[in-house]
């Protein structure tokens, strides 16, 4: 009985023992990340690397407004469709925005040669100077420049024509051979446009040009072509059976372009001295213009983000994150978020780092919880926390810096005859996009795995640091906790935390406590052995008495015969 009381007293006394636990921070975060081995791991802190939002507007880029073509196409704008007159004064822009199906393109039907290439060239132009290459009133004294209008290019209810081209017709019943040249003295590339008229019948050809065998010749250092009108009846388009084919060339600085014709020339009126700029482009978008500034524009809307990746749209203009097909790219910076079930004993003991983290420790990632006669409390290990924060911050910044190559990515232009090339280009682009997406996702998975392992290692190192200081002055009780064999006041606890614990100072007290506990264990062990022997003997006696009683009863009623032979 005395031994039992000692055991109970020992257990009750142990409850009052001073303890220190090593643990880590937890909070109410619901952020989840993926690693190589796990999905949807809840963590205390993380950073998002993927931008998935936009404002739905067309915005200025670096303070410069875009050229919004509205109901006009690039062709209608550059040729001077009279319905696009509001655009003629625009000479600089950050990018060009065209709607998917603009109404005002080539008002007089015909073929626009190398149109996709022209769009590609204009996509790298951020401004131009629109100037008269051949002034209307003085360049063509032997030809009429006012009668070349058509109802298909009407403006305000009246027949009109392109504002950058002149339709030259006969004058006084004659169409003399013409020869006109221009020397590029702009010190920039000059875009020159012209056209060739193809009447629907010979009557129109004679009436307009007074010749049946017309030609148009255009020559420069890098361009040389002779055109012959094709007179034929064609299906009506915009109420026209005739056609005008449109052509263009880029004239280098100092180069000369020469026009010769005896009919059917749609002559240049205005040309454009081009200024190319990095980051410009042409996008197709239904978004409306907004009062906003941005660094990155997509057809869906503007993106204001410094993140390295985005999944808004593959076509971008400006300083834009790289497009990937991922739906989630989140990099962990904190720890696994597993708040402990804070079941508290008589003195508020809580679980250590094995069972979960501490929501009560808010000033660090790793730290301690102690309890003694003076009370209990949390304390972060500032040094290990700061080292971890610095290391992870540097890693995240390095990843973002390496992957954050911001650039413009505009779509390539192909005509209807280049569908196979376009399909091949799409497959190549899709392949690159898949590689980028895979690389981005793999990078995040690997870094998340390393970061969580890094945190686990830091907690373990902190535990080993305490264990190496305490040695046999305390015992491990699991869950990251140690129970002291001696009294450990707040000053003692602080010395453990900062690594200055004086082991010899407490070793004698700890030794006596250990011997006392070991003695109680031995005494209680002897009592339990006596009780076990007593129980075994008593059970055997009861069994023998029972067997004797049964045998006597069976002999008395004749069920069992007993013979004793001498």
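Backbone N, Cα and C define each Cβ position, glycine as well.
Residues annotated as disulfide bond in Swiss-Prot: 59-292, 72-84, 107-153, 296-320, 488-492. Positions annotated as N-linked glycosylation site by Swiss-Prot, on the basis of sequence analysis: 27, 28, 40, 71, 104, 142, 177, 286, 304, 498. The S-palmitoyl cysteine feature in Swiss-Prot is assigned to 555, 562, 565; the stated evidence is sequence analysis. Annotation source Swiss-Prot lists signal peptide at 1-17, citing sequence analysis. The topological domain 'Extracellular' annotation in Swiss-Prot covers 18-529 and rests on sequence analysis. What Swiss-Prot records for 551-566 is topological domain 'Cytoplasmic'. Among the features that Swiss-Prot reports, transmembrane segment is placed at 530-550, with the record citing sequence analysis.
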Task: Please report the number of other Cβ atoms within 10 Å of the Cβ of residue 84 (disulfide bond).
output: 25
Message: List every residue in the same chain as residue 27 (N-linked glycosylation site), at least 6 positions away in sequence, whose Cβ is under 8 Å from its Cβ.
response: 44, 337, 339, 359, 362
- prompt: If you measure C-alpha to C-alpha, which of 107, 142, 296 (recorded positions) come within 10 angstroms of residue 59 (disulfide bond)?
  reply: 296
Message: For the C-alpha pair, I'd like the distance in angstrom between residue 286 (N-linked glycosylation site) and residue 40 (N-linked glycosylation site), rounded off.
response: 37
- request: Measure the Cβ-based neighbour count of residue 498 (N-linked glycosylation site), defined as the other Cβ atoms within 10 Å of its Cβ.
  value: 12
- request: Using Cβ-Cβ distances, find the residues under 8 Å from residue 72 (disulfide bond) that belong to the same chain and are at least 6 apart in sequence, listing them in sequence order.
  value: 81, 83, 84, 87, 102, 103, 104, 105
Task: Between the Cα atoms of residue 488 (disulfide bond) and residue 296 (disulfide bond), find the distance and write it as a whole number of Å.
output: 61
Query: Out of the recorded positions listed (28, 40, 107, 153, 177, 296), which are within 10 Å of residue 142 (N-linked glycosylation site), Cα to Cα?
result: 177
Statement: Cβ-Cβ distance under 8 Å, sequence separation of 6 or more, same chain as residue 492 (disulfide bond); the residues meeting this, in order, are 372, 501, 506
Query: Between residue 153 (disulfide bond) and residue 71 (N-linked glycosylation site), what is the CA-CA distance rounded to a whole number of Å?
result: 15
- request: Name, in the order they occur in the sequence, the residues of the same chain whose CB lies under 8 A from the CB of residue 28 (N-linked glycosylation site) and which sit 6 or more residues away.
  value: 339, 359
Statement: Going by C-beta under 8 A and a gap of 6 or more residues, the same-chain neighbours of residue 71 (N-linked glycosylation site) are 83, 99, 102, 103, 104
